[in-house]
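Engineer: Relevant sequence annotations retrieved from TrEMBL are reproduced here:
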SIGNAL    1-22  signal peptide
BINDING   GLY109, TRP110, THR111, GLY112, THR113, GLY114, LYS115, ASN116  ATP binding site
DOMAIN    279-336  domain 'Torsin-1A C-terminal'
Amino acid sequence: MTPKKRHMLLLLMLVCSGTTEALEPISTTIAVGMAATLTAFLASYPNIFNYFHECCRPEWISFNRTGLEVDLENKLFGQHIASRIILKAVTGFMSNDNPKKPLVLSLHGWTGTGKNFVSKLIAENIYKEGMHSSFVHVFTSTLHFPHPSQNHIYKSQLQQWIKGNVSNCERSMFIFDEMDKMHPGLIDSIKPYLDYYDKLEGVSFRKAIFIFLSNAGGDKIVQKTLEFWKAGRSRKEIELKDLETLVTLSVFNDDQSGFFHTSLIDKNLVDFFVPLLPLEYRHVVQCVLAEMKARQPQPDKDVADKVAKDLVYFPKSERIFSVKGCKTIFSKLDYYT
Ligand SMILES: *[C@@H]1O[C@H](CO)[C@@H](O)[C@H](O)[C@H]1NC(C)=O
Ligand SMILES: *[C@@H]1O[C@H](CO)[C@@H](O)[C@H](O)[C@H]1NC(C)=O
C-alpha cells in the first residue's frame, strides 16, 4: 500500500466520528506530504468521507417508512398479520428518539414463510447497506452455537459481542436465526440487554433491534390457518389474537424452542410475536412472479405456474400449503427459464 493510500484509509476509518478533533492529527500528517488545498478542502468538509465509508450516522442509518410499507406490500405475500405488525412496530420504534427498551421481535412460522426475508426488508429500510451493513449481525444457532457442551463459553461470547457491537453503534440490529435450535438458557444470557435499563456498564441498548426467527409455534399457526380454510373463511379474517396466545404458550412450553421457560417471555421482554402463515399455491405463484420481475421486465405467468406446481403441498389429503413455502422457487426458476 502506498503511503498516500494508507492515509486515505486512516481517514476513512477515523472520520466516522464526525468530529473535527478526530480529523486534526490526520490532516496535519497529510499536510506534510500533500497539497495544502486538500487540507483546506477536508477542513471545510470534515464529514465528507461519511459518504464513502459506512458510519454509525444518519447518512447510513435512517428509517424509510414508505420504503418498508411498499416492500411489505409488494414483496411479502400472504402475510397480512405480519406485515401490519412489522410496519407498526418498526415505525413506532424508529420514530421514537428516546425508546425505553430495545425493539424485540420474535418471528414464528413454517419453513419458507418469509422470516428471514422480513428481517432483510427491515434491514434494507433502515441501513443503506441492508444486510451487508456492518451494524447488522446475524447469529445462526447451528453455525455460531453448535455444541451444547460449550454453552457457558457461548454465553459470555455472545454478551461480549453484543456489548461490543452496541458500543460501536447504538443503532445495531441483531438477528438470531434458528432459535428453535438454540440451547434454551443461552438466550437468557442476553436478557439484561433487552430489558428496561438506562445503561449497563456504560452502554445503552435502547436503540438496538433484536429479531428472533423460529419455526417453533409454526405447527399451531398451520393448524389455525387450516381451520379457517376448512370452515370456508378467508385467511385474511385470521387475527393476531387468534394466534398470539397459541404461539407464545407453545413456544414457552416447547423444550425445542430455544425460548423454553425463558424469562424473556415471562417478563414480556419480547415486544411483538409475529406469526407467519403457511403459504398457499397462489402465494407461491406471486413469489415467483415477483422474482421474475426482478430478473426481467416480462414475468411469465405460465412459468410461474410450472414452478408452483413443482412444489409439494400439505396436508396430504387437501394439499393446501407449500411444504417449503417460497424457499425453493429460486433454483426451480433457474431451471425453467
Ligand atoms: C424510501 O422508499 C421509497 C419507496 O421505495 C423510495 O421511493 C424513496 O426514494 C426512499 N427514500 C429514501 C430517502 O431513500
Ligand atoms: C460484533 O459482532 C460480530 C459478529 O457479528 C463479531 O464478530 C464482532 O467481533 C463484534 N464486534 C465487537 C466490537 O465486539
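Keep in mind that glycine also has a Cβ here, set from the backbone N, Cα and C atoms.
Remember, TrEMBL labels are computer predictions, not curated facts.
Note that the coordinates shown come from a computational prediction; the quantities given were computed from them, not determined experimentally.
Could you tell me the structural context for the features on the list?
Structural biologist: All chains included, 28 other C-beta atoms sit within 10 angstroms of the C-beta of LYS115 (ATP binding site). According to its DSSP assignment, LYS115 (ATP binding site) is helical.
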Engineer: In the same chain, which residues outside the set GLY109, TRP110, THR111, GLY112, THR113, GLY114, LYS115, ASN116 have their CB within 8 A of the centroid of the CB atoms that define the ATP site?
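Structural biologist: Counting only non-site residues, the set is PHE117, ASN215, GLY218, LEU276, GLY325, LYS327.
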Engineer: Please identify, from the binding-site residues GLY109, GLY112, GLY114, the residue with the sparsest Cβ neighbourhood, meaning fewest other Cβ atoms within 10 angstroms.
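Structural biologist: Taking GLY109, GLY112, GLY114 as the binding-site residues, the minimal 10 Å Cβ count falls on GLY112.
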Engineer: List every residue in the same chain as ASN116 (ATP binding site), at least 6 positions away in sequence, whose Cβ is under 8 Å from its Cβ.
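Structural biologist: Sequence-distant Cβ neighbours: ASP177, LEU213.
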Engineer: Summarise the model confidence on the domain 'Torsin-1A C-terminal' (279-336) as a single mean pLDDT, whole number.
Structural biologist: 92
Engineer: Tell me, how many other CB atoms lie within 10 A of the CB of THR111 (ATP binding site), whichever protein chain they belong to?
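Structural biologist: A 10 Å sphere around the Cβ of THR111 (ATP binding site) contains 15 other Cβ atoms.
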Engineer: Three states by DSSP: which one describes GLY109 (ATP binding site)?
Structural biologist: strand
Engineer: Which entry in the list of binding-site residues, TRP110, THR113, has its Cβ near the fewest other Cβ atoms, using 10 Å as the limit?
Structural biologist: TRP110
